[in-house]
Amino acid sequence: MPSFLWRLWPGLVLILFPSTLADDKESSLLQDWHDVWLFRFFLNMLGYATIIIPGYFLIGYFKRINYLETGRGICYPVIKACVFGSESKTGLLDDVSIAQRNDADSGSSARQAFKLVFCAAGLQVSYLTWGVLQERVMTRSYGASTPEEEGERFKDSQFLVFMNRILALTVSGLWCLLFKQPRHGAPMYKYSFASLSNVLSSWCQYEALKYISFPTQVLAKASKVIPVMLMGKIVSHKSYEYWEYLTAALISLGVSMFLLTSTTGKHPSTVTTFSGVVILGGYIVFDSFTSNWQDNLFKYKMSSVQMMFGVNLFSCLFTVGSLLEQGAFFDSLAFMTRHSEFAFHAVLLSVCSACGQLFIFYTIAQFGAAVFTIIMTLRQAIAILLSCFLYGHVVTMVGGFGMAVVFLALFLRVYARIRMKAGRRAQQPQVQKV
């Protein structure tokens, strides 16, 4: 980023936040302006724009000159894969999307149940561990030898996102090299949409912990089933049955009741709460778009690991570019060298994230975004139950009722799906006769 822009930030801070920064000195502004989350978000977006905008014009240029027909040379295969892809989407709908989603029709119910349990268990283990580490890294200090010492806190959420994505890229890349994958057909640039929203949702998730409590963040995650379904209608043009909306609302309501009545603690200030709510709102929007865009991309012929590689490739490109432009990349590395405990936590956090992504992509490919969100919603309830069991938290009557609502909603959802599939099987012979 040009150096003259850095000198403008103190003035912009005074204009946009006069009530909070009017009494500060200019030297304090130079040191503390980056503590305002809105500026950190704006800086990150500027970094991403330096990659997205040139890429947008390049893609438009290659399409405008009909490069697929006129292009030649060494770069032709790369440009073709990135801009045009190798196969059309419409010819692969029956081959991939429908074939994978309708495994229940061709395979046994026991096999489908095993797949669902496998996905749910993998997501639970990966992200329960990841949640514990996430809270440790973002809310606790490092380097304090005694309780009286303050230590040093790590503040750059984007570097943690980069750490998660670089390991996931490595794992998925090695997997693609070692195991045979289907011929890739999607234009590579289409991964950038899910990648950008994924990076932003992850940044919001880390950043929110600076302004709100972890239980509040869990509450917001537990209530995102309906936004995902609404995003599915916008992005993938999906249609849902009335019982899907009803059960999604019941799940969100039940988990919310349990979390609200089972959480105790001091409430943050009004300003902090507002900032946290805004960041969580961004997380829900970005995360809902990510899962549905990935769900739509699976209409191309690709494996879950290929999806993981494509999304994380752009995520690494976005984050490392932004970190280098801000000068924050080497500062974060220096923090890792000063605190070996943080380095261990960051690596373990990345391992859990990489494993979790494998389960995410596989679950979305097999069962869709809505089912994936239900599994992740259940994770919130399981986390609270484990906390009550291990640390002796008391479950109130309202909280217990909330859990009963969740399981009732899940029973209704499973029952409705079984009835719907049975109705389709009953109608299928009649359609064939006609």
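Using N, Cα and C of the backbone, Cβ positions are placed for all residues, glycine too.
As recorded in TrEMBL:
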SIGNAL    1-22  signal peptide
TRANSMEM  38-62  transmembrane segment
TRANSMEM  113-133  transmembrane segment
TRANSMEM  159-179  transmembrane segment
TRANSMEM  242-261  transmembrane segment
TRANSMEM  267-286  transmembrane segment
TRANSMEM  307-330  transmembrane segment
TRANSMEM  342-362  transmembrane segment
TRANSMEM  369-392  transmembrane segment
TRANSMEM  398-416  transmembrane segment
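Among residues of the same chain six or more beyond the transmembrane segment (38-62), those with a C-beta under 8 A of the stretch's C-beta atoms are 1, 9, 12-13, 16, 71, 79, 83-84, 157-158, 189, 192, 196, 199-200, 203, 207, 317-318, 321-323, 325-326.
Same-chain residues lying 6 or more positions outside the transmembrane segment (342-362) and placing a CB less than 8 Å from one of its CB atoms are 119, 122-123, 126-127, 129-130, 133-134, 136-137, 142, 154, 160, 163-164, 166-168, 171-172, 291, 294, 304-305, 307-308, 312, 335-336, 372. Sequence-distant contacts of the transmembrane segment (307-330), counting only residues of its own chain at least 6 positions beyond either end whose CB sits under 8 Å from a CB of the stretch, comprise 1, 43-44, 46-48, 50-51, 156, 158-159, 161-162, 165-166, 168-169, 171-173, 175-176, 186, 188, 191-192, 194-196, 198-199, 294, 297-298, 357-358, 361, 365.
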